[in-house]
Amino acid sequence: MARLAAFDMDGTLLMPDHHLGEKTLSTLARLRERDITLTFATGRHALEMQHILGALSLDAYLITGNGTRVHSLEGELLHRDDLPADVAELVLYQQWDTRASMHIFNDDGWFTGKEIPALLQAFVYSGFRYQIIDVKKMPLGSVTKICFCGDHDDLTRLQIQLYEALGERAHLCFSATDCLEVLPVGCNKGAALTVLTQHLGLSLRDCMAFGDAMNDREMLGCVGSGFIMGNAMPQLRAELPHLPVIGHCRNQAVSHYLTHWLDYPHLPYSPE
């Protein structure tokens, strides 16, 4: 029996309308009744996730910013990882050949240079939103991550530019087809989950995890039981071909799988 369950949010636990379904909430409560530790592992900000947990009265550990922060049930900071100031400076000040919008994160929130109302649709559940700033005046010593949002083909070309400029000084990953992230070296959900399990005295073999994008790759690959969403990025399936694929997030597939796991643990599972 797994002792910890780690969940990506967007494309995994959240439905396409960016809400948690009632079946999902019920299943999370059942896991807690079985003393299974809940962990939300997401690219979203800690401030937003703490608000969501409070609104839903959920007890869960948080891995946020794609591994840049880990918080306890009580909100205590257990782990932090920031971009080096010189890396943040290069990414913020360089003129990149891209149409993508740039977004900067630190402990105070989410910052960008202009209004992009369409991006806020993903945050209707929490009401979290960006702050408009002059990105050139952003303090460089406290940046957790920098994201670029736009067309996937454009972001793929940008990824090449970033690799050429940064080399091994940052970790680049797609958290969605339309979002490319610049993270500290060695920073990912899997590394953060390793820190958390050590804090809890658990083994990664004691964990299960669910995800749909390339920022979930390390986490899904390091746990005892990793599960890929039916709506996952093709690149993730190709990277982890040995992992089982469950259903689509629109059908609350995580809840569907876990209900079977809780009620019929010895029977084979079908996502249909």
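Backbone N, Cα and C define each Cβ position, glycine as well.
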For the Mg(2+) site that Swiss-Prot gives as Asp8, Asp10, the extra residue out of Asp212, Asp263 is Asp212
Densest Cβ environment (other Cβ within 10 Å) across the binding-site residues Asp8, Asp10, Asp212 belongs to Asp8
Other than Asp8, Asp10, Asp212, the chain contributes near Mg(2+) (Cβ within 8 Å of their centroid) the residues Met9, Gly11, Thr12, Leu13, Leu14, Thr42, Ala176, Gly211, Ala213, Asp216, Met229, Cys249
